Amino acid sequence: MRVVLIVLDSVGIGEMPDAHLYGDEGSNTIVNTAKAVGGLHLPNMAKLGLGNLDDIPGVEPVKPAEGIYGKMMEKSPGKDTTTGHWEIAGVILKKPFDLFPNGFPKELIEEFERRTGRKVIGNKPASGTEIIKELGPIHEKTGALIVYTSADSVFQIAAKKEIVPVEELYRYCKIARELLDEMGYKVARVIARPFTGEWPNYVRTPERKDFSLEPEGKTLLDVLTENGIPVYGVGKIADIFAGRGVTENYKTKDNNDGIDKTISLMKEKNHDCLIFTNLVDFDTKYGHRNDPVSYARALEEFDVRLPEIIQNLKEDDVLFITADHGCDPTTPSTDHSREMVPLLGYGGRLKKDVYVGIRETFADLGQTIADIFGVPPLENGTSFKNLIWE
């Protein structure tokens, strides 16, 4: 038996009860995107029950639905990729990741400069493409590293590969990771951001690399691999979990490549396993850029390919589709939004047309997957296997 778990990165379905604490009242990524484009055409997700979860223009409720459907609330504080994926896998954060709206503390930067032997410029929240345009010429002259953050818990280092070779940049990222951990700063990811080209037309290269914090507890991935069930990551899964519990990981260029790689794994791996896929374009390419038209198109493109995924399920396989947070492209904010996420499920062993309700934590999904595989339970979450299993 195989479980295929697909995370549509940032595809939220309505504000959490505490959204006002995050400045996210009124956010509803799917519904507001549908309104902005005069309706979404998502017939395949509609068949599974998506339209039964909210009033989504263009996506009709279907009775009886062919799948199981519900929504999940986030129990952890935060609204980022790491927090969301860890919680899906059973780890609930007690304390949110540290954010640096005014840049990183002086003593941290000074120690980083000492250990790397290079000066730091920037040290503020910024868009990655803007800051290299602003500071690239100084970096080229002096060899100083461009350090910046964002609305997420990230320490990003940008350098031109002709000035700082990529392997050297990775070494500086490892230094930053060790230093943050030593000094007790809880930063989700240190990210290497190499670029090339000439000012003002610098381009970022594909050698981006994430140095993630390890999950703060045992995840579904750890429990499965410890019990001899491999986990195949597609997209940035290995980065999110700092490589822990991921048997093999397949990097992706874009959503379609992620779907292709997921289907290849379904064709190739005929043993019990978890295929865990993150499709990130919704978030990085369209949500943060407040582009509801392209966001809608990406949702429709995924929906067109959903039947291919379903055709490659064997009789006892299970498919789950969910998200990790919101990123409403119609609100003034370009940041993530604190939202509930949709949950859709389908498989030969699952009942049809079952509403699993609004789950209190994303961890209910991880716990259910552990239950389906018959491995020891996770620390958090309540399994709903009994509601959905034939």
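Each residue, glycine too, has its Cβ placed from N, Cα and C.
For the Mn(2+) 2 site, Swiss-Prot lists Asp283, His288; matching the candidates His271, His336 against that entry yields His336. Looking only at the binding-site residues His288, His336, the densest Cβ neighbourhood within 10 Å occurs at His336.
When the binding-site residues Asp283, Asp324 are compared by the number of other CB atoms within 10 angstroms of each CB, Asp283 has the fewest. Long-range C-beta contacts of His325 (Mn(2+) 1 binding site), restricted to its own chain and to partners at least six residues apart, with a cutoff below 8 Å, comprise Ser10, Gly12, Glu74, Lys79, Asp80, Thr81, Thr83, Gly84, His336, Ser337, Arg338, Glu339, Val341.
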